[in-house]
């Protein structure tokens, strides 16, 4: 546990609360001191929901510490049971309140005798896991809690059906991705049995085994639940992320193959005269514009451009593959902050990038960007800020989420509509670098501020007025690189004041 002003993945209790608040008629109680109870504010600011966030903070203060927390926690559970009448109440501590080492399971067992709701303590180690890992574990725990209570035999649906696991609140374009997956599956003649946790009732979890297979769009959440269902109910799952033309086609083929196997096994009805390869061809040619765009002169102008990709494991791996094999762009470095999934990530991007970066430290990513000086970045909001300081455009492709990632317009990243969104994002990110130059030509803004931007703060240089004038003559879209190279040369020579002569010496040094 460490304090930081920027975290790629939040603390464990945020993941638990995201899952609990995504279910319908489930209430979460967070055992935490003041300061840890920001989830309600965050969700109400970002998610365009009309209801109140079903999360209550059971505040730990000095009075509670003096008397003990048990009475207050039990009181809060019973009060919410009477007021909200939820199907389930989930109790979770935070990393701060976990220091108290209280027996919260005992609190739950005591409250059970006084409530009509089911009560569950989130089984998460707050010192060892992050937001995504906690969300994945909580979803599996809730699912197992209800399925193990059901001793009824289950029967497969008559027609092919799937469960979609891992769509939940505060997800990166999750709502739009879910709509696109729904469209694709409907076109393929496949029914959706359950989508969870978003909008799902825990009382409906007993129907999960009726589906033919499970779909896990994002590795970060849903994979543990899918593995549990495979172990306990022999339900196969597809964990490929349908992002980009190649992966979407592979995703459809995997679903088609599993449905064929399941129809033989359970003697169910196959999809209604749907030829999967024909569907892939039609969608690629007539719905997705990405295949056409990759052959256009605009896309060809991007061939060989240098990029850096960084984000969660799912989106960073998928984006790396799209840039390289679908657009011919060179990924100098691909990275993720999901350190627990490092082996899978390395396997996925092997052969698609020059180097791999696995880190939770944003300064390492910033330094890598400064060293590589890519033409564009595809990362998180933090990489967007780094890019602004270095005048390198950045397309946001991954959580942490931001208000920009909750647009009213339809902007999925998955499926064939997602390929159009990604193609626009890639092209616009690269071409944004030209805007400063065009604005400078037509006198659109004062470009003098551009030359003061730099990522490094360990050394300040004095620029002679004649050197500043010379720098102003350089086109805006390459000026930041010239400035950084000059300062790098001056740093190596231990020169404090940069003159025109130093600029030319640096130019010769780097061109040689």
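Note that Cβ sites are derived from N, Cα and C of the backbone, with glycine treated the same way.
Heads up, TrEMBL stuff is auto-annotated, nobody curated it.
Taken verbatim from TrEMBL:
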DOMAIN    12-430  domain 'Nitrogenase/oxidoreductase component 1'
BINDING   36  [4Fe-4S] cluster binding site
ACT_SITE  298  active site, proton donor
BINDING   433, 434  substrate binding site
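On a Cα basis, the residue listed as '[4Fe-4S] cluster binding site' lies 48 Å away from the residue listed as 'active site, proton donor'. Listed recorded positions: 36, 298. The one with the lowest count of other Cβ atoms within 10 Å of its Cβ is 298. If you average pLDDT over the domain 'Nitrogenase/oxidoreductase component 1' (12-430) in this model, you get 90.
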